[in-house]
Amino acid sequence: MMESKSPVCNTCGEEIGVKPNGEFFVACHECSFPICKACLEYEFKEGRRICLRCGNPYDENVLDDVEIKTSKHQSTIATHISNTPQDSGIHARHVSTVSTIDSELNDEYGNPIWKNRVDSWKDKKSKKNKKKHAKATKAEDPDAQVPPQQHMEDISLNPEAASATDVLSVVIPIPRTKITSYRIVIIMRLTILALFFHYRITHPVDSAYGLWLTSVICEIWFAFSWVLDQFPKWSPINRETYIDRLSARFEREGEQSQLAAVDFFVSTVDPLKEPPLITANTVLSILALDYPVDKVSCYVSDDGAAMLSFESLVETADFARKWVPFCKKYSIEPRAPEFYFSLKIDYLRDKVQPSFVKERRAMKRDYEEFKIRMNALVAKAQKTPEEGWTMQDGTSWPGNNTRDHPGMIQVFLGYSGARDVEGNELPRLVYVSREKRPGYQHHKKAGAENALVRVSAVLTNAPFILNLDCDHYVNNSKAVREAMCFLMDPVVGQDVCYVQFPQRFDGIDKSDRYANRNIVFFDVNMRGLDGIQGPVYVGTGCVFRRQALYGYSPPSKPKMLPQSSSSSCCCCPSKKKQTQDPSEIYKDAKREELDAVIFNLGDLDNYDEYERSMLISQTSFEKTFGLSAVFIESTLMENGGVPDSVNPSTLIKEAIHVISCGYEEKTEWGKEIGWIYGSITEDILTGFKMHCRGWRSIYCMPLRPAFKGSAPINLSDRLHQVLRWALGSVEIFLSRHCPLWYGCSGGRLKWLQRMAYINTIVYPFTSLPLVAYCTLPAICLLTGKFIIPTLSNLASMLFLGLFISIILTSVLELRWSGVSIEDLWRNEQFWVIGGVSAHLFAVFQGFLKMLAGLDTNFTVTSKTAEDLEFGELYIVKWTTLLIPPTSLLIINLVGVVAGFSDALNKGYEAWGPLFGKIFFAFWVVLHLYPFLKGLMGRQNRTPTIVILWSILLASVFSLVWVRINPFVSKTDTTALSQNCLLIDC
């Protein structure tokens with residue numbers, strides 16, 4: 001490999017030089033701030049002994065020409081410099097043990113053969129001076145050690161200091177006046193809840209004991225759910241990025257850009273359900289990013305092996321040659337043509353070039369022609385020929401059998417492909433369809449994402465990965481730069497595994513009837529998690545650090561043995577002692593010393609083939625990453641890039657090999673590395689595993705939304721989407737990765753973060769008490785009984801205080817988050833709607849799948865949409881999910897009518913008790929009102945089967961209840977008959 005140039009001093013612009021031992025001069029071992037020895041001496045003379053970037057004090061012996069030694073209780077940080085542009089300078093790297101039980105690097109006593117081989121390799125490398133490396137140490141004073149998160153928080157408190165140190169991002173805490181009152185109200189509400197439950201439990205209702213007991217159990221569960229949801233929002237924060245500083249640091253005029261490369265992943269399965277035009281817009285918005293073209297590669301996964309997807313990508317690549325230069329020339333936003341041309345705004349605003357109008361009209365005409373060609377492809381694909389699809393050269397399409405076909409890869413554009421109409425290079429575009437054979441588990445989307453991880457590692461190996469759903473386009477062309485402000489920050493970014501952007505959506509009705517925007521989750525819950533250990537991964541719009549996907553731990557964390565399925569949990573403590581004896585400490589130190597030897601296999605060209613083959617074919621790497629020497633070599637290159645030792649002509653063949661259906665067998669793919677298998681919501685599992693290893697994530701909310709997608713606005717489709725999410729949570733709850741116990745022994749996951757993950761898996765079970773609680777009002781109205789006894793003054797104050805605390809909590813939450821009260825109410829309504837329908841079905845389906853292996857599918861039959869704006873909103877589709885909430889509505893409405901009738905018959909005295917019951921019933925009806933509107937449609941058209949089933953269930957339930965009447969005390973019929981005999985008619 002070619003040697004890299006010496007880093008340049010940030011003060012004088014000269015090279016920082018090397019020490020007598022051949023290593024680069026490093027002044028600050030915390031952030032590797034580039035400053036030469038002469039400038040450092042001047043700083044010392046002036047009395048300035050603090051690093052200009054991170055604010056940590058310099059080591060007193062930093063000017064001595066002696067080799068710096070590391071502490072035996074701390075892992076060595078080895079650095080390497082490659083010939084790629086983004087790798088110039090000194091980059092500290094600390095790779096932890098890959099989380100796999102079979103890894104030799106995790107062996108308690110280490111591997112002496114492996115260690116001796118690496119030590120000999122290090123000696124050869126040092127003698128030949130083929131590569132410079134630097135070792136860094138932390139100060140011995142423990143009080144001087146400040147974690148990266150604290151660095152960022154301290155810097156954020158002083159904007160002038162932030163400017164002076166040239167940081168790329170700062171934390172903006174919520175104003176103390178807002179957050180303090182918010183926390184006080186939370187504690188007050190918790191206290192009132194404790195007093196409320198003390199009263200409820202000590203004052204049973206003897207005349208309706210069953211109703212009372214059911215209500216108390218439900219209320220306790222609701223309180224538990226509230227605690228799980230509320231306390232992770234204890235420390236919400238905001239963040240601010242400085243893109244101009246990022247450009248100034250990594251994009252100097254006259255020099256090649258040093259920004260890190262990014263591999264984009266776009267996943268699609270069925271082009272007939274996921275329109276190719278939408279996928280094409282997503283791809284075009286990626287190719288037109290405001291980012292160096294040689295740093296962007298877009299991988300499109302076609303998991304359905306559809307020829308329509310391939311042909312549409314060919315058309316997309318051709319249109320990109322015109323679209324990309326047009327976007328960059330006029331800096332248009334968004335850079336997805338379908339959404340740009342549909343904007344109802346003044347498109348001439350801020351445009352000064354006279355040629356813009358003419359070129360825009362020509363581009364719009366070209367795009368319309370492009371749409372016609374795409375529509376023709378879709379129309380052609382509606383009917384599959386009996387002999388299968390045939391390509392233009394006459395050969396049969398390899399993916400005619402979607403369940404039995406070879407892997408396919410096609411590279412478009414890029415430095416070796418077609419250029420744009422102005423002759424400039426375009427980002428690389430790669431079509432990928434992994435191999436599928438009968439008898440193999442393919443793991444749906446998670447398996448497709450892992451295949452893309454391996455293909456991209458072989459072909460481009462960018463250090464960062466951004467994954468998008470096919471219907472989520474790039475709305476902000478600077479979105480990647482926003483993420484790089486965190487990931488490339490030398491202080492903040494070293495422990496960041498991913499940067500998550502909020503999801504924003506187009507095409508949703510203004511009232512957001514079914515809470516499709518999820519504003520409360522993305523603007524409240526996620527900002528609260530950002531103040532703990534970071535937001536959860538939500539499946540799209542996320543920039544990953546590739547090394548975190550490979551199962552490595554963050555640099556600042558000590559080594560951690562992987563947790564297997566048989567590891568102990570918090571409720572079953574291990575028999576081993578919690579404290580380590582001196583021998584264990586020595587073993588840990590030896591293991592850390594071994595793990596610290598980080599090397600680049602591509603740098604071993606000067607050694608004999610025996611040493612190279614032994615290093616590549618280590619059993620630990622093969623059992624972890626699979627049988628691909630090229631891929632294993634790429635995993636050891638933290639800063640990315642394709643190794644020089646790899647023959648470019650063999651890369652495609654190697655890429656085909658890593659997407660073969662048997663490649664993941666007997667490896668850690670889907671278990672400890674990559675996207676994690678075991679749930680249809682693989683996003684939650686993947687992020688959870690990273691946080692358990694000690695990584696933190698970042699929540700980035702730029703003013704202009706980074707990405708936008710589409711969401712189902714139809715009631716049935718929305719419920720099925722929620723059903724899928726809830727079922728995934730139930731699967732995680734029943735798996736070995738359950739946050740209740742997984743990772744407790746490691747201590748890497750903060751307790752508030754664990755509480756948030758527990759909330760993500762137990763919320764479907766709230767459906768059981770919610771259905772019971774929504775049924776209670778109708779029962780009380782039909783029987784004349786109530787779940788609460790006659791209230792005393794103290795009890796009235798408790799109930800009033802509870803309602804006031806609930807209102808205050810919501811108001812103060814709206815105050816610091818900026819969420820509207822309408823969004824909060826819509827979220828509350830759909831929590832009830834989803835809870836009594838989709839979540840309920842998810843619980844039963846999850847247990848059926850686990851106990852009986854039954855995978856129940858809920859089919860949806862659609863009617864024709866009206867040709868109006870938001871016409872999909874008014875479509876009524878039959879699904880079994882509609883029955884429970886419809887039945888609850890009818891039962892409560894019947895109960896209200898019965899309650900009023902009973903009060904009219906009994907007179908004035910009955911109206912007082914009736915008020916509480918009616919209020920209770922109207923609480924249910926108001927929460928289900930959006931469901932009722934969706935059920936009726938625009939013209940009150942409701943499927944007959946829904947009405948029949950609901951009326952049947954409500955009638956049967958009411959008749960059975962009247963017959964049994966379990967909560968009404970029995971009347972003494974003998975005494976009654978005797979009294980009747982005494983009446984003189």
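Don't overthink the numbers, they just go from 1 along the chain as shown.
In case you wondered, yes, glycine gets a Cβ from its N, Cα and C as well.
TrEMBL annotations: computationally assigned, not manually curated.
TrEMBL lists 3-59 with the feature domain 'Cellulose synthase RING-type zinc finger'.
The region 'Disordered' annotation in TrEMBL covers 122-149.
Taken from TrEMBL, the feature compositional bias 'Basic residues' covers 124-136.
The list of residues near the transmembrane segment (761-782) in space but at least 6 beyond its ends in sequence, with Cβ under 8 angstroms from a Cβ of it, reads 208, 211, 214-215, 217-219, 221-222, 225, 228, 684, 726-727, 729-730, 732-733, 738-739, 832, 835-836, 839-840, 842-843, 846, 884, 888, 891-892, 894-896, 898-899, 902, 917-918, 920-921, 923-924, 958, 961-962, 967. What TrEMBL lists as transmembrane segment is 761-782 (among others).
Using a Cβ-Cβ cut-off under 8 Å and counting only residues 6 or more beyond its ends in the same chain, the transmembrane segment (794-812) has close neighbours at 178, 181-182, 185-186, 188-189, 192-193, 195-196, 199, 203, 230, 821, 824. Look at TrEMBL and you will find 794-812 (among others) tagged as transmembrane segment.
The feature transmembrane segment is assigned by TrEMBL to 832-854 (among others). Proximity of distant same-chain residues to the transmembrane segment (832-854), defined by a Cβ-Cβ separation under 8 Å and at least 6 residues beyond the stretch ends, is recorded for 514, 719-720, 722-723, 726-727, 729-731, 733-734, 763-768, 770-771, 774, 880-882, 884-885, 888, 924, 927-928, 930-931.
Per TrEMBL, the feature transmembrane segment maps to 875-898 (among others).
The transmembrane segment feature in TrEMBL is assigned to 910-932 (among others). Non-local neighbours of the transmembrane segment (910-932) in the same chain are 513-514, 715, 774, 776-778, 780-781, 786, 788, 826, 828-830, 832-833, 836, 885-886, 888-889, 892-893, 895-896, 899-900, 902-903; each lies 6+ residues outside the stretch with a CB under 8 Å from one of its CB atoms.
As annotated by TrEMBL, transmembrane segment applies to 944-964 (among others).
On the 0 to 100 pLDDT scale, the domain 'Cellulose synthase RING-type zinc finger' (3-59) averages 71 in this prediction.
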